[in-house]
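Here's what Swiss-Prot has on this protein:
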type: DISULFID; residues: 9-62; note: disulfide bond
type: DISULFID; residues: 10-25; note: disulfide bond
type: DISULFID; residues: 15-23; note: disulfide bond
type: DISULFID; residues: 32-39; note: disulfide bond
type: DISULFID; residues: 36-50; note: disulfide bond
type: DISULFID; residues: 67-121; note: disulfide bond
type: DISULFID; residues: 68-83; note: disulfide bond
type: DISULFID; residues: 73-81; note: disulfide bond
type: DISULFID; residues: 90-97; note: disulfide bond
type: DISULFID; residues: 94-109; note: disulfide bond
């Protein structure tokens, strides 16, 4: 396992329960970061995954929101998603945060994200 985390962010971290944890980021990407030593193929030939392990915190999430109740996603696997939730403040990972059309005091992150459907913010 490397001393420096080979990814900037990770949405699908798989970590051991040890302290500190040993983590692998299972995010599917078109190109692995330059810091990744072992970049392997996925089922889809256009996607790759960094197979490096890192000892410690897997780092921040990549998607532009932490959770989403109203996700609009493509049917691809993994999907491309947008979140149309109206929030008080967009997540720090959101690049384009605009006022809601229906409620200007609320905000909507209009970024698209390629990866797993985000978790819900409120339980069903």
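Along the chain as shown, the residues are counted starting at 1.
Quick reminder: no glycine exception, Cβ is built from N, Cα and C everywhere.
In sequence order, the disulfide-bonded residues near residue 68 (disulfide bond) (Cα within 10 Å of its Cα) are 121, drawn from 23, 25, 36, 90, 121. Fewest Cβ neighbours within 10 Å among the disulfide-bonded residues 9, 68, 109: this applies to 9. Distances between the Cα of residue 32 (disulfide bond) and those of the disulfide-bonded residues 10, 15, 23, 83 are shortest for 10. Cβ environment of residue 62 (disulfide bond): 8, 9, 10, 11, 27, 93, 113, 115 lie under 8 Å away, each six or more residues apart in the same chain. Of all the disulfide-bonded residues in the list 25, 67, 73, 97, the shortest Cα-Cα distance to residue 50 (disulfide bond) is found for 25.
In the three-state DSSP assignment, the secondary structure recorded for residue 90 (disulfide bond) is coil. Following the DSSP three-state reduction, the secondary structure of residue 97 (disulfide bond) is strand.
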